[in-house]
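Annotated features in TrEMBL:
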type    : residues               : note
DOMAIN  : 6-121                  : domain 'Tetrahydrofolate dehydrogenase/cyclohydrolase catalytic'
DOMAIN  : 140-293                : domain 'Tetrahydrofolate dehydrogenase/cyclohydrolase NAD(P)-binding'
BINDING : G166, R167, S168, I232 : NADP(+) binding site
Amino acid sequence: MSATIIDGKAFAATIRGKVGEHVARLRETHGITPGLAVVLVGEDPASQVYVRSKGKQTIEAGMNSYEHKLDAGTSQADLLALIDTLNNDAEVHGILVQLPLPGHIDSDLVINSIDPAKDVDGFHISNVGLLGTGQKSMVPCTPLGCLMMLRDHLGSLSGLDAVVVGRSNIVGKPMAQLLLGESCTVTIAHSRTRDLPDVVRRADIVVAAVGRPEMVPGEWIKPGATVIDVGINRIDAPERGTNEDGSVKTRLVGDCHFESCAAVAGAITPVPGGVGPMTIACLLANTVTACCRANGLPEPEGLTA
Ligand SMILES: Nc1nc(=O)c2c([nH]1)NC[C@@H]1CN(c3ccc(C(=O)N[C@@H](CCC(=O)O)C(=O)O)cc3)C=[N+]21
Ligand SMILES: [Mg+2]
């Protein structure tokens, strides 16, 4: 293995430290405490884990955390009513509606009902349009975290070839916009892309965000490239034995085959401990940013795109 391991877990702790300092200053000089509301519909166990760790880290940074857990059968009208209440609550500076939502709810409608100024996920059409035209916006947390790690590792990204594998609204598309903003030459590849290995092989920067375990092998990576692995896939790990209930143990893997990619890449993010922790740190950062903007205060330095 030759690649530098980009330690997202440590970097995220640094970001959270900066967030905590800003929060303390806001309280001392303005008597303001940023607040983040997280809305979870249904009982998906993985989502519950993420929501819990978001809430815990929000509190640790000195902010207010408001968790709204609604049962899986909650009507769309009731969810929209809650969002309306949060939009009008001056104590709430950020609103996150955990995705995916149950099938009977129109996710686009729900996301677009969030006040864009409080849309700390950056998924509202206004924020998507602002990002696409290079205007100030709320930037989606996962791509923002990826950008922070890339800048930290590479410095300037100007003129580099970047390939984003995956075209989702939550990662692939906003990631491509951010890389374009850094003056990369950007390609968005996806399931219909012809000669995907050759396309990836051109890249100085590879961002893998497809949600398919270990689909990018080391043979696709240009020697020395920087690899950002956004995938968080839980796969069976029979080699680890079984749980008390007899089910097979599992482990987390990314969208890249770590061992073979790390043998070729210049740098790579691990899974776990890479993009995931940065996503939550950027959620906290966006909440502070939203709070500053809402109060007409200067934005926190080093926490925005
Ligand atoms: N509106 C919305 N915004 C989101 O940002 C959002 C969402 N919905 N729905 C679910 C996904 C998933 N997500 C993760 C964040 C952190 C880790 C994370 O910290 N993962 C750890 C490992 C955690 C573990 O052990 O399971 C790591 O990669 O090291 C994972 C997943 C945010 N999401
Ligand atoms: Mg993610």
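Just so it is clear, glycine is given a Cβ too, placed from its N, Cα and C backbone atoms.
TrEMBL annotations: computationally assigned, not manually curated.
In the vicinity of ligand 1, defined as a Cβ distance under 6 Å, the following of the binding-site residues G166, R167, I232 are placed: I232. Around the Cβ of G166 (NADP(+) binding site), 23 further Cβ atoms fall within 10 Å across all displayed protein chains.
In the predicted model, the domain 'Tetrahydrofolate dehydrogenase/cyclohydrolase NAD(P)-binding' (140-293) shows an average pLDDT of 98. Listed in sequence order, the residues of the same chain lying 6 or more apart from R167 (NADP(+) binding site) and placing their CB within less than 8 Å of its CB are K173, I188, H190.
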